[in-house]
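Swiss-Prot annotations:
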- CYS71: active site, proton donor (ACT_SITE)
- CYS220: active site, proton acceptor (ACT_SITE)
- ASN11, ASN62, GLY72, ASN73, ASN160, ASN193, GLU211, ARG212, GLY221, THR222: substrate binding site (BINDING)
Amino acid sequence: MKFTKMHGLGNDYIYVDAISQKIENPNEISKFVSDRHFGIGSDGLVLILPSDVADFKMRMFNSDGSEAEMCGNAIRCVGKFVYDKKMTDKSTITIETLAGIKVLEMTIENGKVVLVKVDMGEPILKAEEIPVLSEKHPVIDEEITAKDYCYNFTCVSMGNPHAITYIENVDEFPLEKIGPLFEIHEKFPRKTNVEFVELIDKNTVKMRVWERGAGETLACGTGACAVLTASVLKGYVGRKATVKLLGGDLTIEWNEFDKHIYMTGPATTVFEGEIDI
């Protein structure tokens, strides 16, 4: 299997052109290639496929083999993958995902993609569509307790579920201990990604994320979009802000007119290779 390892702010996946080569059993392949000791090492596997409704289709799998709806960091890399490999000559393309069709605008320098702006669509705020078991609409400051820990969560879906709460010092927070308790909480029928956020100023927030099925990652694009949404709903930031993640910064904007979330950030190729599977 030919592959390319890429990352968006350290959120790394193995990217495979599944148009020119047939890939069977991607769930097991993802578990194998993701292993950082016995495989290639990644947060998961991304397949680029043909689409009947968009320029390309992406399917993505977490390191535990489960399929995910969407990943903001991964979709930026898909844009770079197809452009840099001359699978398209367009700087604006559409990608079919399990969370709908996304539009990518790519910034090109010296024939290569350096930045990708993604129209992530409208955030989903209805409890049953996120999904979260709550009577609130939107779900702002839903008090949830797991073991001895209690937080007020604001819940948003960007095609995948996110629960966001605000704390004083995100760097010192014991995420590995507390994140998984809320990921699998009964309030979330399909589990959830969990974001812990520190407010820096009206234009900047800092976050760490416990990703559903992957644990802590260096960055989560949909998580950054959900955090911006929650922060606007709570009046903490304006409609455009910098979201600081462990792997770097993303610029997120909640457009006032079309109500869509736009995410801008880098995409990086690490190396290419072949592996027997």
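In case you wondered, yes, glycine gets a Cβ from its N, Cα and C as well.
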Pairwise Cα distance for GLY221 (substrate binding site)/the residue listed as 'active site, proton donor' [Å, integer]: 6
Cα distance (Å, whole number) from CYS71 (active site, proton donor) to ASN160 (substrate binding site): 9
Extent of the substrate binding site in Å [max Cα distance among ASN11, ASN62, GLY72, ASN73, ASN160, ASN193, GLU211, ARG212, GLY221, THR222]: 17
Cα distance (Å, whole number) from CYS71 (active site, proton donor) to ASN11 (substrate binding site): 10
CB-centroid shell, 8 A cutoff, substrate site ASN11, ASN62, GLY72, ASN73, ASN160, ASN193, GLU211, ARG212, GLY221, THR222, site residues removed: ALA68, MET70, CYS71, ALA74, VAL209, ALA214, THR217, CYS220, GLY223
Rounded inter-Cα distance in Å - GLY72 (substrate binding site), the residue listed as 'active site, proton acceptor': 7
GLU211 (substrate binding site) to CYS71 (active site, proton donor) - Cα separation in whole Å: 11
Between CYS220 (active site, proton acceptor) and the residue listed as 'active site, proton donor': CA-CA distance (Å): 7
Coarse DSSP state, helix versus strand versus coil, of GLU211 (substrate binding site): strand
In three-state DSSP terms, the structure that GLY72 (substrate binding site) belongs to: helix
Which of CYS71, CYS220, the listed active-site residues, has fewest other Cβ atoms within 10 Å: CYS71
Three-state secondary structure, ASN11 (substrate binding site) (per DSSP): strand
Cβ neighbour count (within 10 Å, all chains shown) around GLY221 (substrate binding site): 27
